[in-house]
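Down below is the structure, laid out as structure tokens.
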């Protein structure tokens with residue numbers, strides 16, 4: 001073969017090992033979610049469970065693929081260029097997981113913005129990704145090797161990666177844009193919390209997009225090597241981990257908000273204007289359950305000029321739970 005084992009078998013082994021480590025991290029995240037997501041709706045719990053089951057199947061398939069490369073076909077370097085059924089199945093499962101997570105992010109954008117147009121575009125992009133990977137799978141059945149598959153159907157390959165990266169970028173952009181509207185109208189503490197959410201969103205969206213672009217570059221530049229297969233193994237686990245991290249982060253964000261004094265959803269503040277005749281009187285802000293009685297007694301002496309009900313923090317941090 002024209003390439004060394006470091007660029008073929010070594011890359012696949014390293015990718016599978018890192019992918020398995022990421023699977024372990026996602027499993028830990030699932031156990032954390034069982035505690036944090038108790039209030040979430042049933043469909044969201046089933047969604048998380050389905051993602052983890054698919055990731056478990058994906059992990060099993062890539063290890064069977066590795067066993068085939070290193071044990072069943074030991075010493076046969078030609079097997080590295082063949083399209084193994086277990087590898088093909090793992091790629092399909094990966095794209096289903098990625099499309100499902102992207103669809104959830106599109107729903108999250110809709111829950112924040114109530115703009116169905118951009119969410120529909122993202123959902124259509126996820127469906128297009130599934131259609132393209134199934135098309136490539138049909139071509140793979142007829143192709144003698146991975147190199148022939150990539151070179152003969154380069155357009156489909158580019159379309160898959162481009163669509164995936166585009167949906168990731170659109171999801172991240174729309175989420176950050178909508179969060180900035182809450183940021184402008186929120187308190188100082190709420191602004192800090194939203195800044196953290198934006199940072200996490202950019203990081204997760206950027207990572208998946210960069211890995212997708214790296215896979216495309218390596219696949220087109222080094223078609224004989226299987227470095228892109230190793231990257232594909234890692235790429236498969238990034239979506240599930242980003243989903244679980246975003247769901248579990250809600251608990252830590254609530255703790256941060258409580259520690260910094262962010263106002264809760266039930267807090268009502270009423271500011272009063274000082275009457276000219278009694279300028280030295282003190283009119284406190286009201287937030288207790290007895291404020292109606294006090295207001296009725298002092299209404300003639302003080303005019304309410306501002307009422308503030310802070311509901312934005314709960315909306316931002318609890319997207320996806322049973323209250324949305």
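Each Cβ is built from the backbone N, Cα and C atoms, and glycine gets one as well.
Annotation source TrEMBL lists domain 'DUF6534' at 164-251.
The transmembrane segment annotation in TrEMBL covers 14-34 (among others).
Positions annotated as transmembrane segment by TrEMBL: 46-66 (among others).
Among the features that TrEMBL reports, transmembrane segment is placed at 86-107 (among others). Sequence-distant neighbours of the transmembrane segment (86-107) (same chain, 6+ residues past either end, Cβ-Cβ under 8 Å): 47, 50-51, 54-55, 57-58, 61-62, 64-65, 68, 118-119, 122-123, 125-127, 129-130, 133-134, 137, 140, 160, 164, 167-168, 171, 175, 208, 229, 232-233, 235-236, 239-240, 242-243, 320.
The annotation transmembrane segment is assigned in TrEMBL to 116-141 (among others). Nonlocal intrachain contacts for the transmembrane segment (116-141), taken as residues 6+ away from its ends with a CB within less than 8 angstroms of a stretch CB, comprise 83, 88, 91-92, 95-96, 98-100, 102-103, 105-107, 109-110, 149, 152-153, 156-157, 159-160, 163-164, 166-167, 170-171, 174.
Under the heading transmembrane segment, TrEMBL lists 156-177 (among others).
The annotation transmembrane segment is assigned in TrEMBL to 197-221 (among others).
Within its own chain, the transmembrane segment (227-247) has Cβ neighbours under 8 Å at 7, 11-16, 18-19, 22-23, 25-26, 29-30, 32-33, 36-37, 40, 48, 51-52, 55, 58, 62, 87, 90-91, 93-94, 97-98, 101-102, 104, 146, 200-201, 204, 207-208, 211-212, 214-215, 218-219, 320, counting only residues six or more beyond its boundaries. Annotation comment: TrEMBL describes 227-247 (among others) as transmembrane segment.
Same-chain residues lying 6+ beyond the ends of the transmembrane segment (156-177) with a Cβ under 8 Å from its Cβ atoms: 95, 98, 102, 105-106, 108-109, 112-113, 118, 121-122, 125-126, 128-129, 132-133, 135-136, 139, 150, 198, 201-202, 204-206, 208-209, 212-213, 215-216, 219-220. Long-range neighbours of the transmembrane segment (46-66) within the same chain, counting only residues 6 or more positions beyond its ends whose Cβ lies under 8 Å from a Cβ of the stretch, are 12-13, 16, 19-20, 23, 26-27, 30, 33, 37, 84, 86-87, 89-90, 93-94, 96-97, 100-101, 104, 233, 236-237, 240, 243-244, 247.
In terms of DSSP helix, strand and coil, the domain 'DUF6534' (164-251) has 81 helix, 0 strand, 7 coil.
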